[in-house]
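> So TrEMBL lists these for the protein:
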type	residues	note
REGION	A:1-22	region 'Disordered'
TRANSMEM	A:36-57	transmembrane segment
TRANSMEM	A:64-84	transmembrane segment
TRANSMEM	A:90-109	transmembrane segment
TRANSMEM	A:116-137	transmembrane segment
TRANSMEM	A:143-161	transmembrane segment
TRANSMEM	A:181-204	transmembrane segment
TRANSMEM	A:235-254	transmembrane segment
TRANSMEM	A:266-296	transmembrane segment
TRANSMEM	A:316-335	transmembrane segment
Amino acid sequence: MAPEVTAPSSGQGAPFGPDRAPRGGTLRRLLATREASVLGALVVTVILASFWVDGFFTDRTAGFLILDVTAIALIALPMTLIVITGEIDLSVASILGLTSAVMGQLWFLGLPLETIVPLCLALGAVLGAINGLLVTVAGLPSLAVTIGTMALYRGLAYVILGDRAVADFPRSWTSGATQRLGETAIPWVVLLIAALAVVFGIVLHATPIGRSLYAIGSNDEAARFAGISVRMTKLWLFVASGAVSALAGVFWTLQYSSARADNAFGLELSVVAAVLLGGVSIFGGLGALPGVIGGVLLLGTIRKALELADVSSDTLSVVTGLLLVISVVAPNIVARLKERRRPDTPSVPAHSNQR
Amino acid sequence: MFRTRLARGIAAGTAAGALLLLTACGGTTRDSVEEGGSERPAGEADPDAEIPEGLTISFLPKQLNNPYSTFANTGGAEAVEELNGEFKEVGPSEASASSQVSYINTVSQQGADAIVIAANDPNAVCAALNSASDAGAAIVSYDSDTAPECRDVFINQASAEGIAKTQVEMIVEQVDGEGQIAFLSATPNATNQNAWLELMEEELAKPEYSDIEVVDTVYGNDDDQKSFQEMQGLLQTYPDLKGVVSPTTVGIAAAARYVSDSEYKGKVAVTGLGTPNQMSEYVKNGTVEEFALWNPKDLGYLAGYAGAALSAGQITGAEGETFSAGRLGDYEIGPNSEVILGPPTKFNADNIDDFDF
């Protein structure tokens with residue numbers, strides 16, 4: 001491995017020398033986290049794009065950007081918690097699609113939207129609970145379970161709606177979904193995302209439940225012996241993931257005014273990408289919500305800036321892919337470097353010395 | 001412990017659901033909403049308006065890197081160049097319903113004068129197109145239409161009548177005006193194909209075609225293997241068959257492949273709708289004399305001119321307005337703000353190498 005490779009941004013790029021105290025104050029510790037690197041990269045990207053890309057630094061851009069990443073941002077919240085416990089939910093985009101199909105079909109059958117929306121959210125919770133039960137009661141790996149339900153839920157969506165699209169939702173609802181805040185170009189949905197982010201953030205970072213998630217992710221055997229109800233916790237996380245995915249599905253359907261079975265096909269990968277880019281370890285036990293929000297916004301910003309700069313969508317995929325690889329590889333390289341410079345410290349797993 | 005809490009959770013959920021169903025009276029339903037189809041604001045058209053130089057015309061195909069849309073957009077580029085405008089081609093790398101929205105927003109932000117779009121979903125792009133239209137862009141759909149209220153003009157590749165008539169002309173010529181023919185279609189419920197088949201049978205019922213007998217219609221389900229077998233079956237069942245019309249690109253290619261390797265080569269005519277790249281081999285080895293499809297390049301070219309004419313105010317999209325489209329001549333806007341490209345282009349050994357799609 002090339003030793004000159006460093007993290008994508010400043011935060012973690014400067015490894016501590018052997019003569020400096022590795023734990024030099026709270027600020028330094030804070031700056032050295034992966035969340036800080038992501039947020040730093042976000043700030044740098046925004047500044048660069050504002051200088052180089054015509055028409056980037058406007059509130060219209062911000063408005064479009066937020067609408068573009070709404071579904072990803074919403075689903076990334078519960079996904080963060082799930083990945084921290086060492087599990088994963090790949091069925092989220094299919095839950096979104098199935099919710100959208102059911103919403104379309106119920107509307108088509110003449111139910112009022114005021115009933116459809118709660119029913120859809122409940123459906124999402126049930127779909128999530130099925131995932132959760134298969135993982136906790138049947139004891140199957142979540143990767144396998146949710147790959148299965150990803151196909152299953154998407155298939156059900158096609159059973160319900162086929163290749164039809166239901167599009168005659170009332171205008172008051174569809175334009176309401178993308179309504180701006182006052183005179184700005186910022187959509188109101190940013191408040192919904194922020195509110196949910198605060199809820200998930202508090203649960204994760206300021207409650208015993210949050211601490212137990214990290215414990216489960218680090219070693220769920222030990223967590224169980226410590227008295228944490230591992231199965232119950234995981235089950236509820238999957239329920240939350242299903243419900244939030246359904247919420248994203250309802251929003252998606254109204255935003256695009258189109259209920260289709262193939263809505264958000266492949267979105268689960270964008271969500272997982274944003275979560276990993278945000279500094280959550282795929283092995284569990286590590287990560288924080290602000291980093292994930294930063295990851296979502298970073299991916300969205302890069303995409304928007306390159307689009308405005310007339311970069312083709314293929315190049316865009318290459319850039320996004322590279323960024324992800326770097327974000328996964330860089331911490332490992334940095335960890336190895338640190339290890340090499342401090343041979344006397346006990347060796348630790350590559351991903352566990354950032355917190 | 002786990003089980004009791006779980007049971008309690010399920011019970012609570014069920015109760016909440018039941019409560020919800022009980023309260024489900026009243027509210028916004030499909031029947032309570034009257035869709036006041038918002039008409040596009042139609043300004044006054046000024047037929048003499050000059051097309052200004054430097055118009056930015058952005059083409060949004062269903063997806064990039066698809067040979068069909070790439071070829072279509074070479075026509076768009078040609079038109080924009082003739083008009084001294086700026087041609088742009090942007091779009092998603094996967095043809096999904098909502099992926100185009102972000103691109104519409106972007107080109108609108110960049111100040112596009114006209115947006116030419118092949119919609120992946122007629123409705124999902126609507127809100128974005130409407131806001132682009134509010135920002136001053138003319139909206140043209142081509143290849144695949146949006147909901148009518150979201151665009152100014154739709155460039156339709158061909159009318160059903162034109163497609164049916166061209167195929168009848170070709171088969172009649174290729175079987176010398178007499179004998180048994182059959183149809184190899186897509187699926188039994190394919191909307192386009194059924195409309196064309198019906199129109200072709202109407203056309204063939206005319207007295208001048210009385211020596212032509214349609215013996216059968218078979219369905220290859222737009223599946224290569226199935227179409228191949230159906231073609232095989234047709235030739236076994238009807239030994240006197242003179243020709244087959246396949247109004248689907250999958251069908252005609254499979255039919256041509258079967259005939260080209262069989263004793264029927266040169267004896268049974270194969271024609272219909274196909275793409276030049278798929279069919280070029282069979283045209284060159286003498287299996288297929290001539291087939292047809294609309295010319296995507298002309299489609300893109302016409303769409304480019306329509307966008308410029310809209311942006312300049314020559315047309316507004318109202319029925320009966322006319323505009324000029326360079327080498328293709330003058331066009332009139334029909335009902336529903338549709339412009340029809342014209343009869344399909346026929347491809348044969350003389351011209352097939354000029355088309356790459």
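Note that Cβ sites are derived from N, Cα and C of the backbone, with glycine treated the same way.
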> Given the cut-off of 8 Å on Cβ pairs that are 6 or more apart in sequence, determine whether the transmembrane segment (A:64-84) and the transmembrane segment (A:181-204) share at least 3 such pairs.
yes
> If you count every Cβ pair below 8 Å, which range out of A:36-57, A:90-109, A:143-161, A:181-204, A:266-296 shares the most with the transmembrane segment (A:235-254)?
A:90-109
> Are there residues at least six beyond either end of the transmembrane segment (A:266-296) with Cβ under 8 Å to its Cβ atoms? List them, or say none.
33-35, 37-39, 41-42, 69, 71-73, 75-77, 79-80, 83-94, 96, 150, 197, 200-201, 204-205, 214, 216-219, 320, 323-324, 327-328, 351-352, 354-355
